[in-house]
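Each remark here refers to the structure printed beneath this line.
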Amino acid sequence: DGNPEPSITWLYNGKELKENMYTYTQLITDSGDGSVKHGCLFLDKPTHINNGNYTLIVQNKLGRDVATASGMFMDNPFEPFDPEGIIPVPTNKSDLDVTENPESRVFVVSVAVGLAVFTCAFLLIMVLVINKCGQRSKFGIHRSSVLGTEDDLAVSLRFMNFGTSPPSSDEDSGLSSFVENPQYFCVQHIKRQDIVLKWELGEGAFGKVYLAECANLSPDCDKMLVAIKTLKDANESTRQDFQREAELLTMLQHQHIVRFYGVCTDGEPLAMVFEYMRHGDLNRFLRAHGPDARILEESKMPPLGQLTLPQMLHIAAQIASGMVYLASLHFVHRDLATRNCLVGEGLVVKIGDFGMSRDIYSTDYYRVGGRTMLPIRWMPPESIMYRKFTTESDIWSFGVVLWEIFTYGKQPWYQLSNSEAIECITQGRELERPRTCPKEVYLLMQGCWQREPQQRMVIKDIHSRLLDLVKNPPVYLDILG
Ligand code: ADP
């Protein structure tokens with residue numbers, strides 16, 4: 001607010017900030033004569049390279065005012081001295097002077113190399129010390145804290161639990177032996193220099209998840225958007241688990257399983273590259289397209305339309321299709337829930353996570369016996385009581401996923417505490433029919449919730465029933481519900 005109209009300049013870390021199409025002053029209101037302005041410095045998708053102090057200088061011929069704010073957009077996901085991790089920043093004149101001077105370049109390089117050697121030596125010592133102390137931690141550092149040691153019989157890491165449901169002999173195809181010998185699958189390696197991070201998408205159990213642009217992934221397009229899952233604090237053991245998980249993920253290829261492109265292991269942090277699903281996880285998507293979307297704090301955008309019955313059926317059929325595939329590989333997911341599915345362009349839904357997103361959805365998990373966290377609200381009685389996870393227990397969870405879809409992402413048994421929910425499930429009480437759920441779909445849910453695992457519907461039948469319903473959606477009037 002100033003009269004005569006003041007000029008606005010910005011400094012970034014004390015140096016003049018040159019505005020461009022990605023960083024500019026955005027005025028929201030202007031009094032007309034320019035004396036009162038409201039606005040902000042707009043940064044388009046800032047990353048860690050934009051962290052720093054931003055100073056606003058406002059002046060006219062009568063005086064000047066200065067204020068500084070510090071901007072912290074995200075942590076540097078790369079090692080500080082990893083030259084490939086540094087995203088090129090527009091250099092200003094003084095930086096050019098330094099880099100163009102060969103002596104100072106030699107000096108800078110020597111210091112960087114010295115520090116890198118020191119860091120490596122330090123990390124090596126730390127790794128040795130940690131291993132010596134016997135800290136047992138897999139790529140699922142938290143895996144044991146999630147599933148508990150008794151569940152470690154699962155052959156692989158995290159939730160890659162082949163072998164928990166032994167294949168029956170007639171189905172024991174060549175595929176199963178492939179599954180049990182994932183070394184047959186060649187994990188794609190992606191160069192770090194081909195990846196340019198854009199911004200953070202979320203926090204996973206093992207590290208941050210970023211949106212990035214990746215070059216040379218496919219012959220048809222030179223750059224594409226990908227989601228990068230980073231693994232923080234890798235040691236020798238977590239590295240091995242990481243490699244093993246990558247082999248398993250390489251093997252899972254289906255149109256309703258999120259596509260895994262490969263790993264990036266040249267430098268730190270270790271990263272896995274997945275296809276980017278632009279609408280994020282299905283639970284959030286359902287809530288954003290439900291009746292409560294308006295009051296949800298996160299929806300600052302105009303409220304989106306509510307999902308229709310055919311759309312809900314389409315979502316369910318796609319998850320069922322992914323589950324048919326997993327069941328054909330004797331893969332037991334153990335944590336099927338809408339928070340572990342992802343939504344892409346055109347309402348494409350894929351099973352996207354074989355881990356537990358416990359950070360954002362921590363209330364969906366129940367801690368038992370200290371370290372074990374279980375998604376009890378999605379589990380059948382036999383899994384709750386005996387920790388028995390099978391293809392049939394996945395069917396039960398699929399029924400709960402159907403219920404989530406038709407309640408626009410409500411938490412199952414939301415009105416009950418964890419111990420009350422356990423009591424209800426083990427005593428045989430069923431989730432109620434959601435208001436918008438046709439009888440035909442509720443029958444499917446009930447088919448998934450048979451107490452006897454062998455009496456539950458099989459996923460192939462559920463899938464084909466859902467496809468029929470997609471083709472001929474039942475006529476349904478909410479007022480009759
Ligand atoms: P973790 O399996 O390590 O717990 P998640 O898969 O849950 O990590 O990832 C955390 C968040 O990152 C998700 O809730 C989702 O919003 C986002 N995310 C993960 N993978 C993708 C992807 N392929 N595309 C878009 N967003 C993703």
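Backbone N, Cα and C define each Cβ position, glycine as well.
Per TrEMBL, the feature active site, proton acceptor maps to Asp335. A coil conformation is recorded for Asp335 (active site, proton acceptor) in the three-state DSSP classification, outside any helix or strand.
The ATP binding site feature in TrEMBL is assigned to 202-209, Lys229, 275-281, Arg339. Glu275 (ATP binding site) falls within a strand when secondary structure is assigned with DSSP.
Per TrEMBL, the feature Mg(2+) binding site maps to Asn340, Asp353. Following the DSSP three-state reduction, the secondary structure of Asp353 (Mg(2+) binding site) is coil.
If you look up TrEMBL, you'll see 195-466 marked as domain 'Protein kinase'.
Feature annotation from TrEMBL assigns transmembrane segment to 106-130.
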Candidate with the highest Cβ count within 10 Å, taken from the recorded positions Glu275, Asp335, Asp353: Asp335
Cα-nearest neighbour of Asp281 (ATP binding site) within the listed recorded positions, Asp335, Asn340, Asp353: Asn340
Ala205 (ATP binding site): secondary structure state under DSSP, collapsed to three categories: coil
Entry from the binding-site residues list Lys208, Arg278 having the most other CB atoms no farther than 10 A: Lys208
Ala205 (ATP binding site) and Asn340 (Mg(2+) binding site), distance between Cα atoms, whole Å: 12
Average pLDDT across the domain 'Protein kinase' (195-466), rounded to a whole number: 89
Per DSSP, three-state class assigned to Asp281 (ATP binding site): strand
